[in-house]
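Participant: Features from TrEMBL:
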- 21-265: domain 'ABC transporter' (DOMAIN)
- 353-371: transmembrane segment (TRANSMEM)
- 383-403: transmembrane segment (TRANSMEM)
- 424-448: transmembrane segment (TRANSMEM)
- 460-485: transmembrane segment (TRANSMEM)
- 492-511: transmembrane segment (TRANSMEM)
- 573-596: transmembrane segment (TRANSMEM)
Amino acid sequence: MSTRRRETNALCMSRARMVDIQFKDLSYEVQVSKFKYRGTKKQILKGMNGIFKSTELTAIMGPSGAGKSTLLNILSGFQQGQLQGTVEYISSEGKQNWDMYKKQSCYIQQSDNLYGLFTVQESMMMATYLKIGSNATKMFRQLVIDNILETLKLTKVKETKVDRLSGGQKKRLSIALELIDNPPIMFLDEPTTGLDSMASLQCIVALKTLAKSGRTVICTIHQPSAALYQMFDYIYLVVDGRCMYAGTPDDTVSYFAQLGFQCPQYHNPADYMLEVVNQEYGDYSNQLVVAAKEYCQREETSLKVRIMREASFYNEKTKLMLDPPSELIKFKVLLYRYILIIYRDWSVSHIKLLLHFLVAVLLGLLFEKAGKDANKTLNNVGFLLVTSLYFIYTSMIPAVLKFPLEMAILKKERFNNWYQLRTYYAATLVTTLPLQIFFTFIYSAVSYVLTSQPMEWNRFFMFLLIIALTSFISEGIGLGLGAIFNPINGTFFGAITTCAMLSLAGFLILFNHMPKFLYYISYINYFRYSVDGLVQAIYGFQREKLICPSQYDYCHFRIPSLLLEELRMSKSIFWVDAVVLFAWFVIIRIMVYISLKKRLSKI
Ligand SMILES: Nc1ncnc2c1ncn2[C@@H]1O[C@H](COP(=O)(O)OP(=O)(O)OP(=O)(O)O)[C@@H](O)[C@H]1O
């Protein structure tokens, strides 16, 4: 074995702190009805006991709807609710509560929530910067990556984009990403679902290797083949929220035989066990539960053995190298990741840029000379209205879809302690705002010139400021809707909100024709301030008279103040509009953060 290989092995595969999980009388129920105090409850886990040990690969098996995922989610802390009983984590330092180990375990969901635009190497390298402290050199990071990829047989696809990986490779990459900070406990929800038998075997072999290096690896699994079944060290069979077998795969046949269920020769023991608990040979559920309670008891690993084992596996030196980086460094990494996504994802940057340019040209042609022709003043107000509406829609609707798409990745990475929510949120804000400003600038520059608006820098920048603020607020509302609702409801609410704002802006229905309460509501309508701000930017600040073309004898709105009077905007102040819009922007962003936090706290 080369020196380099030995070094990485020492760094990566032999340093997991050993933790056993013990749960006693674990019961869990959920509220089925929406009404908290009157609703019926459903008991999912019914007094379960068990010990899952380090260095072992444990399979939680059972029929569909038995409670496997719920048990896994409860043990990992991914799901919280009305829990009874105890869950203890036992290391060489004694029994600890869950908070101690929450930060050290990882949860790998059934779906592989990965960014498809990065290569395996890029994904791994970014993960090392999010998980390993800044004192680690680039070479060290690469050694860690190479070693993990080699263990999980991913070296050959190191330079392949994640989008192009097979299902099995994606699953192994999900595991590889979590291995970087070497979690002592790994929870996996159905890691073999959707994989063919070869890929499933490779995945389970990889998990077994990880368990043998000191970790506690627990996964749920549906119906493993006989070969796969034998790979596990410990089987925990769950049926209707109760344990019906806990033991090694080798003991399964003799255990069920002793209870009167003789597994036929050449029959997969896993299949037979499921047939028995699925009542294909009669309903013996209660006997099986009682028998499991009597025969499937497990001894705790003695402290002495635990300390001895851990001494051979755990390396304090490496732990120092693996201290997590500061949130500031994580922020920089997330920023870099977003910039790379924006650069590589055509739909985010290039297409949007092209569309903003084309729409600006189209509106420019449609509202040609509207900015300076006194006969087209009302058309110009129409242009300002359309501009505001255009940015509301194009910023809000894509944003509604942004969080639901990213939510799964965010949920996974945050639960596995990659970064704090505020770091993620700050990074999205810092990357999306400049992009939004750039888009509004392109649109404004083109449409402003083509519609012959006044060629004064200060008016142009005021016009740009109002559009940018309108766009920020709308994006914020879109993100908020995306965080609260699913994409279909979110886009529906987005469209409804925009229609309501348009109706309450004072243009389609004049303010003095509105019922009083709706008139007051219109004060919180940011669309109103947006259009008002745009009109002020173009016609306010004592703009001089407009040119009335020679073919017309009279242009009613030649004098800008007359137009402002007609639109009931003569008393408005541009900077008040700008400040109100800015306040809206801040409030909306805070509300989005809160709703996102709330959403993430639920499973
Ligand atoms: N929040 C909830 N509200 C109501 N019922 C729930 C809730 N969560 C889980 N259940 C129910 O609890 C039972 C167990 O669900 P769980 O997802 O743990 O099963 P499972 O064994 O993992 O099933 P599968 O193998 O099909 O994924 C199911 O009947 C499910 O409908």
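Glycine is treated like the rest: Cβ placed from N, Cα and C.
Tell me what's around each of these sites.
Facilitator: Cβ atoms under 8 Å from those of the transmembrane segment (353-371) belong to residues 377, 379-380, 382-383, 386-387, 390, 394, 438-439, 442-454, 538 of the same chain, restricted to positions at least 6 beyond its ends.
When Cβ-Cβ distances below 8 Å are used as the criterion, the transmembrane segment (383-403) is approached by residues 352, 355-356, 359, 363, 367, 370-371, 410, 436, 440, 443, 447, 451, 466-467, 470-472, 474-479, 481-483, 485, 487, 490-491, 494-495, 497-498, 501-502, 505, 507, 527, 530-531, 534-535, 538, 596 of the same chain, each at least six residues removed from its ends.
A Cβ distance under 8 Å defines the sequence-distant neighbours of the transmembrane segment (460-485), meaning residues of its chain 6+ beyond its ends; these are 387-388, 391-404, 407, 432-433, 436-437, 439-441, 443-444, 448, 453, 491, 493-494, 497, 526-527, 530, 533-534, 536-538, 574, 577-578, 581-582, 584-585, 588-589, 591-592, 595-596, 599.
When Cβ-Cβ distances below 8 Å are used as the criterion, the transmembrane segment (492-511) is approached by residues 385, 389, 392-393, 396-397, 400, 477-478, 481, 485, 518-519, 521-522, 525-528, 531, 568 of the same chain, each at least six residues removed from its ends.
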Participant: On average, what pLDDT score does this prediction assign to the domain 'ABC transporter' (21-265)?
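Facilitator: Looking only at the domain 'ABC transporter' (21-265), pLDDT averages out to 87.
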